[in-house]
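Report on one structure; see the data block that follows.
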Amino acid sequence: MKKIVAVTSCPTGIAHTYMASESLEEAAKKMDVQMKVETQGSVGVENELSEQDIKEADAVIIAADTNVSHERFGGKSIVEVAVADAIDDAESLINQALEKAEKGEKTEVKANLQGQVSDEKSKRKAKRSGPYKHLMTGVSFMLPFVVAGGLSIALSFVFGINAAEQEGSLAAALMQIGGSSAFALMVPILAGYIAFSIADRPGIAPGMIGGMLASSIGAGFLGGIIAGFLAGYVTQWLKEHIKLPENLQGLMPVLVLPFLSSLIIGLLMIYLIGPPVEGIMTGLESWLQGMTDANAVLLGLILGAMMAFDMGGPVNKAAYTFSVGLLGSEIYGPMAAVMAAGMTPPLGLALATLLFKNRFTNQEIEAGKPAWFMGISFITEGAIPFAAADPIRVIPSIMTGSAITGALSMLFGVGLKAPHGGIFVLPIPNVVTNLGFYALAIIAGTIVTTFMLRLLKPKLAE
Amino acid sequence: MEVNEFINQNLIKMNLESKDKDSVIKEMIEIMAENEIITDKEEVIKKAMEREEKGTTGVGKGVAIPHVKSDAVKRPAVAFGRSDAGIDYGSMDEKLSHLFFLITVPEESHDEHLKLLAQLSRNLVHDDFRDSLLEAKDAEEVMNILENI
């Protein structure tokens with residue numbers, strides 16, 4: 001039996017959408033064609049087409065007076081008409097669609113890579129549920145921000161590692177795009193879409209606000225994940241438990257939910273998450289101060305592990321600020337260890353996605369490519385999407401690799417005078433001492449990271 | 001949520017007087033105004049006309065379903081009108097329209113209202129449902145038919 005999937009939609013979404021849907025279903029029944037119609041009306045999307053439905057369909061009918069996205073129908077025979085046409089003569093529309101499928105007329109849909117990737121992703125996502133699904137939703141929305149931001153920053157280094165300090169320069173503009181815009185949005189987007197996945201649209205505002213606060217209190221992406229889950233579940237709970245009289249119900253989505261949920265999440269982040277985060281950071285910093293005279297290799301090991309632990313969170317920042325602080329005292333070893341350890345997480349993940357494709361989702365494999373550039377540019381954030389998606393396995397892996405890199409860098413007595421820049425500092429004379437050994441330390445750490453990922457990450461079930 | 005919460009016999013007019021599209025829309029909206037469903041008649045007429053410009057709501061098979069989503073609407077409601085002579089409503093199939101459903105909903109509506117309206121719309125596609133409305137003798141019979149959707 002032939003199968004057709006259809007989408008109906010009209011501007012007000014009250015009547016035509018459903019009449020068209022009914023017409024198509026009726027006609028299909030008469031013609032002995034299997035039909036599933038997704039209605040995009042005023043109550044939102046109903047009877048949503050699954051990946052499976054679309055895959056099985058011989059043809060697609062879009063009967064809409066609104067803009068219905070084509071992306072998910074790439075490679076299918078599509079007949080697109082006004083919604084009224086489906087109401088008027090569904091039968092000939094179905095014939096038209098089947099004819100088109102018969103002739104093999106495929107409609108080229110310029111689905112961008114992101115679209116395909118997220119489709120692929122959602123296929124696997126469908127098999128998973130609960131917190132994991134929410135986390136993955138957040139990560140897949142965050143990913144473009146990481147890539148756009150990371151590559152913009154890397155590009156700014158091409159003009160010289162300090163070029164971005166020159167106000168009005170292109171390098172500064174790139175840094176503004178990548179650093180203070182894309183990367184600033186990264187954690188709010190992660191948190192916002194985790195919450196969205198849990199509580200639908202009302203989750204976005206408290207989630208993003210919570211994520212923004214996670215950033216500003218220095219809690220990094222782990223803080224963002226906490227904010228996202230908090231926001232999602234709190235909003236969901238509020239949605240289910242606040243009962244307003246019917247004539248006031250209109251106030252729920254516009255006033256009550258966004259305000260209450262954002263207030264609760266905001267206060268929790270500031271008063272409950274904020275103080276321990278700050279405590280961890282200052283505690284770790286003073287602990288590191290006391291270690292200055294300790295065994296150099298041990299210090300490198302610890303600094304390295306810290307860099308990879310939360311990538312932008314309090315632990316990472318403590319290690320980084322400690323090392324940058326030492327530059328003023330002309331102690332260059334820890335800086336070198338820290339930068340090397342910050343480069344290996346994205347590099348190790350990039351290598352792992354290349355070598356062990358069956359342990360990563362398609363989206364991750366694609367994200368592995370820009371991760372190379374972020375790695376060599378010392379943009380540790382390139383590893384965040386991987387870590388956020390599977391923290392329990394990825395974080396220990398990258399910590400091990402970074403720790404070894406840090407230790408080796410210290411062992412080889414490498415010194416670094418610049419606080420950032422990755423590979424772009426290497427051509428500058430006298431910035432790095434023992435360059436050859438430095439490269440060796442980074443390569444070793446990358447390989448260890450990859451090896452650890454191979455060990456810890458299970459094969460994905462197909 | 002029951003059908004009789006948004007339509008009752010007062011919202012049913014078995015013999016529409018209008019002869020053309022614009023006046024039948026106004027005639028139907030007048031019914032809504034008389035029953036205090038809407039607060040601003042002119043606004044609702046404007047919205048209904050705007051909707052028609054985007055594409056006719058004369059969906060063919062003798063049915064037209066002008067509809068309005070506006071803050072000038074107090075509660076979701078449906079008015080039903082019939083014209084035995086038929087009115088040229090600029091329908092898809094270029095035939096005259098006999099059955100008219102004016103649907104009005106406030107900007108913020110509950111899903112359950114909208115779902116019921118969706119259910120009504122779905123029924124309009126069926127021949128026997130339309131035929132029974134065409135044959136109904138009075139408003140009471142129309143109500144009976146609608147209550148059974």
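Any Cβ shown, glycine's included, is placed from N, Cα and C.
All annotation found in TrEMBL is predicted automatically rather than curated by experts.
If you check TrEMBL, you get these features:
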- A:2-99: domain 'PTS EIIB type-2' (DOMAIN)
- A:131-462: domain 'PTS EIIC type-2' (DOMAIN)
- A:109-129: region 'Disordered' (REGION)
- A:135-161: transmembrane segment (TRANSMEM)
- A:173-196: transmembrane segment (TRANSMEM)
- A:208-231: transmembrane segment (TRANSMEM)
- A:251-273: transmembrane segment (TRANSMEM)
- A:294-311: transmembrane segment (TRANSMEM)
- A:331-356: transmembrane segment (TRANSMEM)
- A:394-415: transmembrane segment (TRANSMEM)
- A:435-456: transmembrane segment (TRANSMEM)
Most Cβ pairs under 8 Å with the transmembrane segment (A:294-311), selected from A:173-196, A:251-273, A:331-356, A:394-415, A:435-456: A:394-415
Feature contact check the transmembrane segment (A:135-161) with the transmembrane segment (A:331-356), CB under 8 Å, 3 or more pairs: no
Overall pLDDT of the domain 'PTS EIIC type-2' (A:131-462), taken as the mean: 86
Residues of the domain 'PTS EIIB type-2' (A:2-99) by DSSP state, where helix covers H, G and I: 41 helix, 29 strand, 28 coil
Long-range Cβ neighbours of the transmembrane segment (A:394-415) (under 8 Å; 6 or more residues past either end): 296-305, 307-309, 332-338, 340-345, 348-349, 383, 386-387, 432-434, 437-438, 440-442, 444-450, 452-453, 455-457
Folded-back contacts onto the transmembrane segment (A:173-196), same chain, C-beta under 8 angstroms, at least six residues removed: 134-135, 137-142, 145-146, 148-156, 164, 203-212, 214-215, 220-221, 223-225, 227-229, 231-232, 235, 381, 384, 388
Distal contacts, the transmembrane segment (A:135-161) - CB-CB under 8 A, six or more residues away: 114, 118, 121, 125, 128, 169-172, 174-175, 177-179, 181-183, 185-187, 189-194, 196-197, 225, 228, 363, 367, 370, 373-374, 376-377, 379, 381-382, 384-385, 388-389, 418, 420-422, 424-425, 428
